[in-house]
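A short write-up of the structure that comes next.
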Amino acid sequence: MAENTKREVDLVEENESDAVIAKKMKKDTKSDQGNDKSVSANPLFGFKTTTVLRESAREKNMFIHGKLNDQEAVIIMEKTPIREDTLLELFNCSRLKLEMSNDIYRTYQLQPPAHLNEIKTTVVCPATEKHVKKYLLQETYLVEESGDDYRSITLPYIQSQSFSVQWVYNILEKKAEAERIVFEDPDQAVGFVLLPDFKWDQKQLDDLYLIAIVHRRDIKSLRDLTVQHLPLLNNIRKKAEENILNKYGVAASKLRVYLHYQPSYYHLHVHFTALSFEAPGSGVERAHLLSDVIQNLELDSQYYHSRSLTFPLRSGDGLLSKFKEAGKL
Ligand code: GTA
């Protein structure tokens, strides 16, 4: 008890010195703001928030729409997981503020050193209206699309409306993210590039997320796959799994390997996520396991050409309006 009381006194003293430090930091920030160099080094300086599109206390993220240098922008901010390899530093080098103490229970606000207190931030700028809609929290509806619906409704829509895949071509042509490539099979028929997805900061394996992007540019999605693509799909599965095991020590049995239908980007790619990680879009209504896709094509070469596929669409999605106009909803 005496020990506890002494610790609490220490903490009060720490809090007092915190106040002094906080004052000093405020002063430093003021003088930083007067320093043009540090301001111009922050590309988000002056961002004006228009609206918060979505936020989640559980996922600890926020999707924000606003203006950056007069251009429409979407910013995604996400607190990252606590890493085991940082615990020693967190315990030894942080400041603690006591919030409450009751019997054997105490809660604190722990203020870690700045480099352990980062917020993963993704910026889309200039953002299109489609980007804004994509991240806006909206009601979703399940749509069942037959092969004929795909050809008469979905295909014309995605040919006129889909997101640019320039970022994909930049990766394939080594104009962007070249240093992040984990593995490449350069074969133009069955080859692909494997690299970390931009949702993964690569700091911990718990939320491992890589994507394999095929070199071929003629496959938009699952719908285009036939038996002739089996060598490509088997090659991706085998080589990506081997390379993920070699580089990260994560076995194939610990990976969720899938394709999205509908994807956001109509250039064939495969998602590799840690099995323990509930990645956005890994639910049954959107994710198709690569192993199932391979088996379905082995059984029926035209499986994805003819069968009905079900997927969710948000209320503001133009494709949903097309299905409604066609009397399919
Ligand atoms: N390495 O430039 C890129 C890049 N871009 C533009 C997209 N991706 C990229 N990867 C690299 N470099 O996994 C990744 C995406 C996605 C994949 C495309 O390519 O991160 P998809 O075509 O099936 O599209 O996959 P999908 O899944 O709809 O896209 P996305 O962005 O993953 O969105 C799905 C949902 O995930 C969103 O609605 C949102 O709920 C959530 N989400 C998106 N981004 C984030 C984020 N940064 N943090 C948290 N949640 C997010």
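Here the Cβ of each residue, glycine as well, is placed from N, Cα and C on the backbone.
Here is what TrEMBL records for this protein:
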type: ACT_SITE; residues: His269; note: active site, nucleophile
type: BINDING; residues: Trp167, Glu177, Asp197, Lys199, 260-271; note: substrate binding site
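Least crowded of the binding-site residues (Leu268, Val270), judged by neighbouring Cβ atoms within 10 Å of its own Cβ: Val270. Listed binding-site residues: Asp197, His260, Val270. Those with a CB atom under 6 Å from ligand 1: Asp197, His260. By neighbour count, meaning other C-beta atoms within 10 Å, the densest spot among the binding-site residues Gln262, Ser264 is Gln262.
The binding-site residues shown are Trp167, His260, Gln262; of these, the one with its CA atom nearest the CA of His269 (active site, nucleophile) is His260. By the criterion of other Cβ atoms within 10 Å of the residue's own Cβ, the least surrounded of the binding-site residues Trp167, Tyr266 is Trp167. The recorded positions considered are His260, His269; of these, His260 has the fewest other C-beta atoms within 10 angstroms of its C-beta. For Asp197 (substrate binding site), other Cβ atoms within 10 Å of its Cβ number 16.
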